[in-house]
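Could you have a look at this structure, given as structure tokens, before my questions?
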């Protein structure tokens with residue numbers, strides 16, 4: 001029995017079917033990501049849990065109790081909005097204290113609690129500032145503190161990192177993950193960024209077109225995509241229609257399509273020791289993209305532009321060079337089935353997934 | 001450099017045009033009002049201004065203005081809040097109808113109320129039997145003033161509330177704040193300056209209203225004559241000193257409103273800069 005459960009939830013916005021038979025179970029203390037492309041219904045799910053939207057049918061349970069008719073403010077929820085929705089005309093202190101004042105907690109207790117939270121978010125000394133006088137990262141932390149102030153059982157975050165620039169985003173991700181682990185609060189966050197979900201979440205719920213496609217740990221989603229959507233959505237997949245032309249891969253079904261991720265491909269310079277020399281494809285490098293921490297190399301094999309990642313510590317590969325390409329595995333989607341196809345020449349070597 | 005020089009010439013031309021325009025259309029008439037008002041000397045002016053009927057007219061004008069501002073403030077806030085924070089059927093229609101008084105001639109507004117509450121109306125017997133007199137009485141004047149100033153406050157508030165969105169209200173609601181607390185603590189600070197600005201505009205418009213009020217008033221001297229009507233009356237009677245003296249009261253009131261407007265705009269701008 002999960003701490004937060006959704007049973008057969010349906011929700012329409014006028015004619016738009018935003019949530020279709022949603023069934024979710026989230027365990028206490030877990031950090032869960034709702035991941036999906038925009039318009040996939042992930043925010044609607046979050047807002048229904050928060051009581052900001054009412055489902056048309058189905059039940060929402062928190063701690064075993066149906067909360068459909070309980071107002072959001074009595075569900076023990078803290079909510080961090082996408083653009084933080086800090087009260088612009090209140091100081092940081094008043095923002096954090098707001099939820100406590102509404103609950104008519106004595107002002108002394110409020111003072112202690114706000115101080116404690118400011119310390120937690122490393123924003124001591126900022127209590128007199130207005131939100132407009134804070135950096136993006138500070139705003140997010142204040143929004144986090146404000147949501148936590150009344151001691152909620154569940155923390156909901158709507159695209160918590162979307163409004164922050166890339167560098168601070170990485171820092172905040174780590175920070176948020178540590179904070180949530182430390183507080184051991186059941187947390188659900190919405191994101192369209194799979195790297196974010198994979199890095200931060202214990203568990204990911206993938207949504208698409210109003211439905212839940214799959215839920216599981218990041219590893220499970222990577223290893224066993226349950227639906228064609230997950231297979232092509234997770235990882236930076238390339239669609240390959242004629243995968244049977246690749247050495248050591250056999251056609252599975254008549255209309256099957258394969259998805260190939262960069263991490264399933266290795267590219268070697270000619271003459272580099274290749275573990276599976278005979279099974280490698282030869283290809284010409286079409287493009288190389290320096291990514292700072294690594295280099296993406298693109299080659300064309302049997303008409304498919306395939307990407308692979310190469311370490312910056314390895315010898316440089318140039319555009320136009322003839323290289324050996326080894327494909328470890330790919331996902332074959334045959335109708336509604338997804339099968340992981342492994343290169344036949346691999347015999348249970350030590351590979352991570 | 002060339003561009004700068006060109007700009008300078010253009011600037012001088014634009015400034016000249018603006019000032020000549022203002023001079024001919026505003027300053028000159030205002031000077032003329034004051035000069036004519038003082039034509040019979042200070043004592044003549046004082047007599048005209050302190051005339052019993054002039055004072056009664058001024059009081060009635062202020063009375064109608066205060067009523068219009070209070071009622072339109074309440075209505076304006078409610079309508080603006082409804083239109084910006086809720087989704088409902090007929091929202092577009094409501095929002096269009098609010099603007100109607102601006103597009104309809106005030107005379108028509110006056111006639112509408114005469115037809116609605118006058119002798120030929122089907123609710124007249126009811127009003128009459130309860131001793132309620134609307135047409136050719138103070139309530140009619142108040143009604144007419146409310147009508148013509150109807151959209152002023154809501155139109156100021158709607159853009160501000162739209163820009164703000166509903167996130168802050170939702171955040172407050174999730175933390176358990178009630179509707180009144182949300183309005184007082186979260187929404188009101190956003191609309192404070194726009195509201196004051198709307199009130200100022202509404203006041204200015206209410207004080208000067210002539211057409212609709214003229215139809216509904218019945219022109220009873222000392223009873224249902226507002227300042228603009230009183231001025232018209234004196235003017236038609238060739239009492240130019242009296243007419244222009246009474247006008248000068250309206251002018252002074254207008255200048256007070258103008259100064260208030262400036263102050264509010266400045267304060268509001270400061271507040272906005274702080275919270276951008």
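Every residue gets a Cβ built from N, Cα and C, even glycine.
Under the heading transmembrane segment, TrEMBL lists B:12-35, B:55-82, B:94-114, B:134-153, B:194-220, B:240-264. Taken from TrEMBL, the feature domain 'ABC transmembrane type-1' covers B:58-261.
A description of the local structural setting of each listed feature is requested, covering burial, neighbours and distances.
Packing against the transmembrane segment (B:55-82) from elsewhere in the chain are residues 88, 94, 98, 138, 141-142, 145-146, 149-154, 156-158, 161, 183, 187, 191, 195, 198-199, 202-203, 206-207, 209, 213, 222-230, 246, 249: each is 6 or more residues past its ends and has a CB under 8 Å from a CB in it.
Among residues of the same chain six or more beyond the transmembrane segment (B:94-114), those with a C-beta under 8 A of the stretch's C-beta atoms are 79, 82-83, 134-135, 140, 143-144, 147-151, 154-155, 158, 209-216.
Note on the transmembrane segment (B:134-153): residues 60, 63-65, 67-69, 71-73, 75-77, 80, 98-102, 106, 109-110, 113-114, 117-118, 127, 195, 198-199, 201-202, 205-206, 209, 211-213, 215-218, 220, 223-224, 226 of its chain, located 6 or more positions outside it, place their CB under 8 angstroms from a CB of the stretch.
Here the transmembrane segment (B:194-220) has long-range neighbours at 61-62, 64-65, 68-69, 72-73, 76-77, 105-107, 109-111, 113-114, 135-137, 140-141, 143-145, 147-149, 152-157, 159-160, 226-229, 232-233, 250, 253-254, 257-258, 260-261, 264-265, 268, meaning same-chain residues at least 6 beyond its ends whose C-beta is under 8 angstroms from one of its own.
Long-range Cβ contacts of the transmembrane segment (B:240-264) within its own chain (Cβ-Cβ under 8 Å, at least 6 residues beyond either end) map to 30, 33-34, 36-37, 39-40, 44-45, 48-49, 51, 54, 57-58, 193, 196-197, 200-201, 203-204, 207-208, 227-228, 230-231, 234.
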Using a Cβ cut-off under 8 Å, which residues of the same chain at least 6 positions beyond either end of the transmembrane segment (B:12-35) come close to it?
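Same-chain contacts beyond the ends: 244, 247-248, 251.
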